[in-house]
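Straight from Swiss-Prot, the features:
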type	residues	note
DISULFID	Cys99-Cys176	disulfide bond
CARBOHYD	Asn7	N-linked glycosylation site
CARBOHYD	Asn13	N-linked glycosylation site
CARBOHYD	Asn22	N-linked glycosylation site
TOPO_DOM	1-27	topological domain 'Extracellular'
TOPO_DOM	52-64	topological domain 'Cytoplasmic'
TOPO_DOM	89-99	topological domain 'Extracellular'
TOPO_DOM	123-143	topological domain 'Cytoplasmic'
TOPO_DOM	168-181	topological domain 'Extracellular'
TOPO_DOM	206-273	topological domain 'Cytoplasmic'
TRANSMEM	28-51	transmembrane segment
TRANSMEM	65-88	transmembrane segment
TRANSMEM	100-122	transmembrane segment
TRANSMEM	144-167	transmembrane segment
TRANSMEM	182-205	transmembrane segment
TRANSMEM	274-295	transmembrane segment
Amino acid sequence: MVFLSGNASDSSNCTHPPAPVNISKAILLGVILGGLIIFGVLGNILVILSVACHRHLHSVTHYYIVNLAVADLLLTSTVLPFSAIFEILGYWAFGRVFCNIWAAVDVLCCTASIMGLCIISIDRYIGVSYPLRYPTIVTQKRGLMALLCVWALSLVISIGPLFGWRQPAPEDETICQITEEPGYVLFSALGSFYVPLTIILVMYCRVYVVAKRESRGLKSGLKTDKSDSEQVTLRIHRKNAPVGGTGVSSAKNKTHFSVRLLKFSREKKAAKTLGIVVGCFVLCWLPFFLVMPIG
C-alpha cells in the first residue's frame, strides 16, 4: 500500500505552495522508480502470457498464480506511477477525489494479492495432503469461486473510505495521506493482512507436518516394495509355487505407489518454492502492518 503524505505533515486547512522540485533528485528518482515499475509490469505480463500460451499450465493452481500476477499488474500499472510522481514532486498534484480513488485501488490490489497468497497456501495444503484426490477436490468451478471471493472481500475492505469511513480530509489538496480513522485502520489491517497471514502460517505448518509424515511413509513403502520384489524373484528362481497372481498384484501396487510418489514429490516441490515466495512477501509487508495500527 503506497500511502504518502506531501511536504505538509499536518492536516492544515490552508493550502501551501508546493516547494520547488530538485531536478537532479527528480531525475534519479524517476529513473529508479520508473525502472522498477517497468520491471513489475513486464514481469507480471510474462507470467500471465506463459500460462495463457501453454495448455499444460491451464490448471487451477496456475489460475491462482495468474490471479496473483493480475493483482500485482494492476498495482504496478495503475497505482505505482502516481506514487512515483508523488514521490518525485513531493506533493499530490491530482486533486482530492482522485486521491481517494487512488488510495482505494491501492488497498484493493494489495489486499487481493495477499489473499491470493492465502488461497495458494490452502491449495498447496490440499495438494500435499491429498495428492491423488486433489483433482476432484480442487475443481475449476471451486477455484473460480475462490478467486471471486478474494476480489469481493478485497473490494469490501478497500471501499470504506470512499463511503465516509475516514477522518475529515485536509483542505490542502496537495496532501494525500492514509486515513487514520481507528476503526477502519484496525478493520483493514486485520482483513488485508493479519487474518490471511494467520491462515497462511497455519496452512504451511500443516504442509510441513504432512510432508514430513508422508515422506517417512513413502520411504517405508519403498523399502517394503523392494523387499517384496526380491522375495518374488527368489521364489521364481527356486521354482516354487506359481506366483502369477502375486506378481500381477505386486505390479499394480508398485504402479499405484509410483504414481503416488511422483504426485507427492511434485506437490512437495511446488509447496516448498511457494513457501519461500510467501515468506519473503510476508517479511516485506510485516513492518508496514506492524506500524500501521500504531501510527
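In case you wondered, yes, glycine gets a Cβ from its N, Cα and C as well.
Projection of Swiss-Prot feature records onto the structure.
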| residue | record | DSSP class |
| --- | --- | --- |
| Asn22 | N-linked glycosylation site | coil |
| Cys99 | disulfide bond | helix |
| Cys176 | disulfide bond | coil |
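Among the stretches 100-122, 182-205, 274-295, the one making the largest number of Cβ pairs under 8 Å with the transmembrane segment (144-167) is 100-122. Contact between the transmembrane segment (274-295) and the transmembrane segment (100-122) holds: at least three of their C-beta pairs are under 8 Å, each pair 6 or more apart in sequence. Under DSSP, residues within the topological domain 'Cytoplasmic' (123-143) fall into helix, strand and coil as 15 helix, 0 strand, 6 coil. Least packed by the Cβ count within 10 Å, out of the disulfide-bonded residues Cys99, Cys176, is Cys99. Per-residue confidence over the topological domain 'Cytoplasmic' (52-64) averages 91 (mean pLDDT, predicted model). According to DSSP, the topological domain 'Cytoplasmic' (52-64) comprises 10 helix, 0 strand, 3 coil. For Asn22 (N-linked glycosylation site), the number of other Cβ atoms no farther than 10 Å from its own Cβ, over all displayed protein chains, is 12. Here the topological domain 'Cytoplasmic' (52-64) has long-range neighbours at 116, 119-120, 123, 127, 138-140, 142-144, 146-147, 270, meaning same-chain residues at least 6 beyond its ends whose C-beta is under 8 angstroms from one of its own.
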